[in-house]
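S.K.: The following block contains the structure, expressed as structure tokens.
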Amino acid sequence: MQFASIVILTGAGLSAESGLGTFRGHDGLWDQYNLEEVATPEGFARNPPKVHEFYNLRRGWLKQAKPNAAHLALARLEQEHTGAVLTVTQNIDGLHEAAGSHRLIHMHGELGRALCARCGTSLPWTQDLSLTTSCPVCHKAGFMRPDVVWFGEMPREMPHIAAAIDACDLFVAIGTSGSVYPAAGFVAEARRAGAHTVELNLDPSDCASLFAEAHYGPATEVVPAFVGRLLHG
Ligand code: APR
């Protein structure tokens, strides 16, 4: 079946085989770190060095991480599919663009960028951040933070995402546990819009029952296979 407008939602499971840890489940990041301490505005206000240390460590992991076969398959889908393909990612790791995806929304921000909380400048950033880091634009120290969305902050580009889901005829969620809103609610919106819905994940997510079709296994296997069927029938 040919689809005219596809929305792909991705989560941490897509990058697991690139060596980046997921958040929940066995050995997940939220087993090792307190989410309230390292991923909320309140945690940052209480203890900025702790938050910087968490994201500096994760920014370091990105230096070794390469896109895997699943990221590459999604880039190929965007390039070769006759319909429109929009990828909405919760991942902050930059691996979609490294694989060649262009129509991409980073709803939880990007670890490869820093944001000055004083003047609002966002810019590409590869070094460690600390309380002494100065903003290259307003030159004040103490206001730089990773350009990511913390719990309690507004995810990016929600009106654009809502419009794309409303207009899509295929919605595919990949490697996400379906436990964090608003992304966890996208499948219900897609169903209301009349789209076919597909889950590709290692195991059934929290919203598995809402999907019309599902394929379970490692992303590097199930995603290229699914993309192959979409492109070549
Ligand atoms: N292939 C496919 N799926 C996998 C793989 C793999 N190799 N490994 C793990 N998974 C699946 C897990 O089964 C799980 O359902 O990926 C999912 C990862 O879930 P989470 O760790 O909860 O990640 P995600 O859904 O992206 O989290 C959403 O929570 O803390 C935040 O901001 C963070 O963006 C993140 C948000």
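Residue positions begin at 1 at the first shown residue.
Glycine is no exception: its Cβ is also placed from the backbone N, Cα and C atoms.
Okay, these came from TrEMBL:
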type	residues	note
DOMAIN	1-233	domain 'Deacetylase sirtuin-type'
BINDING	11-30, 90-93, 175-177, A219	NAD(+) binding site
BINDING	Y55, R58	substrate binding site
ACT_SITE	H108	active site, proton acceptor
BINDING	C116, C119, C135, C138	Zn(2+) binding site
S.K.: Among D27, R58, Q90, G175, the binding-site residues in the record, which have a C-beta under 6 A from ligand 1?
M.R.: Q90, G175
S.K.: Distance between H108 (active site, proton acceptor) and Q90 (NAD(+) binding site) at the Cα atoms, whole Å?
M.R.: 5
S.K.: In the same chain, outside C116, C119, C135, C138, whose C-beta lies within 8 angstroms of the Cβ mean position for the Zn(2+) site?
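M.R.: These residues sit around the Zn(2+) site: R118, G120, T121, P136, V137, H139, K140, F143, M144.
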S.K.: Taking only the residues in the domain 'Deacetylase sirtuin-type' (1-233), give me the average pLDDT of this model.
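M.R.: Over the domain 'Deacetylase sirtuin-type' (1-233), the predicted model scores a mean pLDDT of 97.
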S.K.: In angstrom units, rounded to an integer, how far apart are the Cα atoms of G19 (NAD(+) binding site) and C119 (Zn(2+) binding site)?
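M.R.: Computed Cα spacing between G19 (NAD(+) binding site) and C119 (Zn(2+) binding site) is 35 Å.
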S.K.: So if I measure Cβ to Cβ from Q90 (NAD(+) binding site) and keep only same-chain residues at least 6 apart in sequence, which ones fall under 8 Å?
M.R.: L9, T10, G11, A12, M107, H108, T176, V180, A183
S.K.: Provide, as an integer number of angstrom, the distance between the C-alpha atoms of C116 (Zn(2+) binding site) and R58 (substrate binding site).
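M.R.: Here the two Cα atoms lie 19 Å apart.
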S.K.: In sequence order, which residues at least six apart in the same chain have a CB under 8 Å from the CB of Y55 (substrate binding site)?
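M.R.: Non-local contacts for Y55 (substrate binding site): V38, L111, L129, P146, V148.
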S.K.: Sort Y55 (substrate binding site) into helix, strand or coil using the DSSP assignment.
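M.R.: Looking at the DSSP assignment, Y55 (substrate binding site) belongs to a helix.
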S.K.: With DSSP assignments reduced to helix, strand and coil, which class does S15 (NAD(+) binding site) get?
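M.R.: Reduced to three states, the DSSP call for S15 (NAD(+) binding site) is helix.
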S.K.: Using all protein chains shown, find which of the recorded positions R58, H108 scores highest when you count other CB atoms within 10 A of its CB.
M.R.: H108
S.K.: Would you mind ranking the binding-site residues G11, G19, G175 by how many other Cβ atoms sit within 10 Å of each Cβ and giving me the lowest?
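M.R.: Selected from the binding-site residues G11, G19, G175 on minimum Cβ neighbours within 10 Å: G19.
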